[in-house]
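Heads up, the thing below is written out as structure tokens.
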Amino acid sequence: MNSFMSLVRTATIALLLIAFLQNANAVKNLQSIVAYHGAVATDDGRCSAIGTNVLRQGGNAIDASVAAALCLGVVSPASSGIGGGAFTMIKLANGTEVAYDSRETAPLSATEDMYGDNPERKKKGSLSVGVPGEVAGLYTAWTQHGKLPWKQLVEPAEKLAAEGFKISKYLYMQMNATRSDILADKGLSELFVSNGELKKPGAICRNPKLADTLSQIAEYGPKAFYNGTVGFNLVSDIQKAGGIITLKDLQNYNVKVKEPLSTEILGYRLLGMPPPSSGGPAMMLILNILAQYGIPSGVSGPLGVHRLVEALKHAFAVRMNLGDPDFVPEVTNVVADMLSPKFAQDLKSKINDEKTFDPKYYGGKWGQIKDHGTSHLSIIDSERNAVSMTSTINGYFGAIMLSPSTGIVLNNEMDDFSIPTKSGGDPDVPPPAPANFIRPGKRPLSSMTPTIVLKDGKVKAALGASGGMYIIAGTTQVYLNHFFLNMDPLSSVVAPRIYHQLIPNKASYENWTTVYSDHFEIPEEIRLVLEKKGQVLTPIAGGTISQLIVEQSDGKSGGISKLVAVSDPRKGGFPSGY
């Protein structure tokens with residue numbers, strides 16, 4: 001039993017849950033670090049180190065985010081990569097605040113009824129692939145705000161793909177969960193299978209085709225991907241497999257540069273991602289509801305958890321009115337409501353401290369989309385520029401399809417769209433949301449919630465999480481733990497979490513032992529109180545993986561603030577800094 005296990009064994013109730021920190025010092029060497037010049041928190045320590053190396057070389061947070069994100073796509077290809085997309089939130093020391101939407105788009109030939117009577121084709125295979133945006137997004141942010149040469153930022157990932165990387169325990173778990181699909185795909189089999197069996201943790205994995213692709217991108221930038229050899233080969237592979245993406249789809253792809261959502265809550269200003277992210281507005285709505293109870297007492301203990309669950313249910317009722325604002329103009333009004341303190345006040349008045357209600361009480365008209373996967377990174381540099389980026393290919397290994405000629409694992413982002421269903425279904429299941437129906441060039445709704453926290457205009461934190469539909473609740477709880485409940489950064493991330501998506505009407509709570517032998521569980525005393533209030537609870541083995549960096553003033557360092565960076569132990573990652 002390692003020291004982290006003993007840490008997790010003794011739990012004390014805070015809001016969410018637990019602080020689990022009896023023996024934190026032994027863990028802090030890995031999961032939590034203190035740095036003064038710059039810090040990088042990703043869900044894989046190799047990529048955190050690559051990001052820090054970029055900072056040491058004179059790069060800024062934007063440079064480091066490019067190198068770290070590309071690294072994650074190589075060593076953690078079940079979660080993200082250049083075959084997917086991303087949302088990136090940036091706050092610069094000069095005052096600039098900007099959001100980059102490089103979410104995947106529906107192909108130009110896509111239609112809302114393209115899956116007919118076979119919705120499984122929306123989940124995996126060539127028809128589930130959206131037009132990738134990550135390369136364009138990274139390059140656009142770097143062009144506008146980066147310092148180091150582009151090629152220098154791509155080379156570490158290229159080297160990893162060429163020379164090989166060790167399969168982590170977490171990646172092996174993802175491989176095992178999709179074993180039959182990997183064995184059925186030629187490209188994935190070449191990467192992850194040896195002698196008819198999945199490669200084991202610690203085995204070396206090489207992706208020479210991806211190394212070649214990254215070499216092209218390093219030399220020619222996104223042109224290679226969107227209008228060059230890489231793009232031509234990628235489209236050819238997709239079409240051979242029956243997909244509809246064309247070179248014109250790639251050529252037409254564009255990054256949306258947006259103004260972040262912004263709201264003041266209890267003295268802090270939050271920057272969040274606007275739609276097609278539902279995460280930014282939903283997190284702000286939840287926090288605005290909970291802030292009215294008073295902190296920390298109003299959001300502490302079992303009652304605080306009940307109030308959180310109820311706020312989540314209200315937020316998810318509103319969430320499915322959101323969609324791509326370029327196609328659904330009324331989304332702007334929905335977001336205005338979600339950021340309104342008066343709207344939050346009205347919802348808070350509907351929360352009953354003694355009981356919960358069925359989904360209809362919360363007013364949700366539409367069914368929920370269950371997005372998956374993702375990877376999150378947080379970076380703050382010596383100038384206190386901050387980047388919070390969540391990237392994704394959606395489900396484990398996306399479309400379960402690796403392009404043989406490029407080495408790219410392709411996303412299954414089309415599964416994040418809603419599709420019409422025939423009438424006559426379960427009367428308790430709401431219909432799919434028209435705001436999220438497929439249209440050519442449209443971006444599907446997402447739960448990704450990259451967040452930056454400011455105080456008096458200065459960066460105080462960068463945070464976010466991976467975990468698909470659970471991301472909103474997971475990111476919100478980490479924020480609550482630190483900023484509402486005054487838990488230290490490591491405790492804020494380690495505390496077990498609870499989730500609710502309104503439909504089904506169940507609260508999912510962590511009760512699992514990770515592949516690293518760490519156990520996470522909502523305490524029984526909290527569960528008993530919730531059940532007495534009518535909450536239906538179900539245990540889950542998983543949830544969200546959070547990366548948090550907090551800026552703290554430190555009287556011992558001559559006025560230089562320190563950075564406390566935490567990578568979630570649930571995925572075995574660790575932060576890096578100097």
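Note that Cβ sites are derived from N, Cα and C of the backbone, with glycine treated the same way.
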Listed co-binder of L-glutamate (same site as Thr392, Asn394, Glu413, Asp416, Ser446, Ser447, Gly467, Gly468, source Swiss-Prot) among Arg46, Arg56, Arg103: Arg103
Recorded positions compared (Asn176, Asn394, Asn511) - highest count of Cβ atoms within 10 Å: Asn394
Pairwise C-alpha maximum, in angstrom, for the residues (Arg103, Thr392, Asn394, Glu413, Asp416, Ser446, Ser447, Gly467, Gly468) that bind L-glutamate according to the record: 16
Inter-residue C-alpha distance, Asn511 (N-linked glycosylation site) and Gly468 (L-glutamate binding site) (nearest angstrom): 18
For Asn227 (N-linked glycosylation site), the three-state class that DSSP assigns: helix
Per DSSP, three-state class assigned to Asp416 (L-glutamate binding site): helix
Asn394 (L-glutamate binding site) and Asn176 (N-linked glycosylation site), distance between Cα atoms, whole Å: 17
Residue among recorded positions Asn94, Asn227, Thr374, Ser447 with least C-beta crowding, 10 angstrom cut-off: Asn94
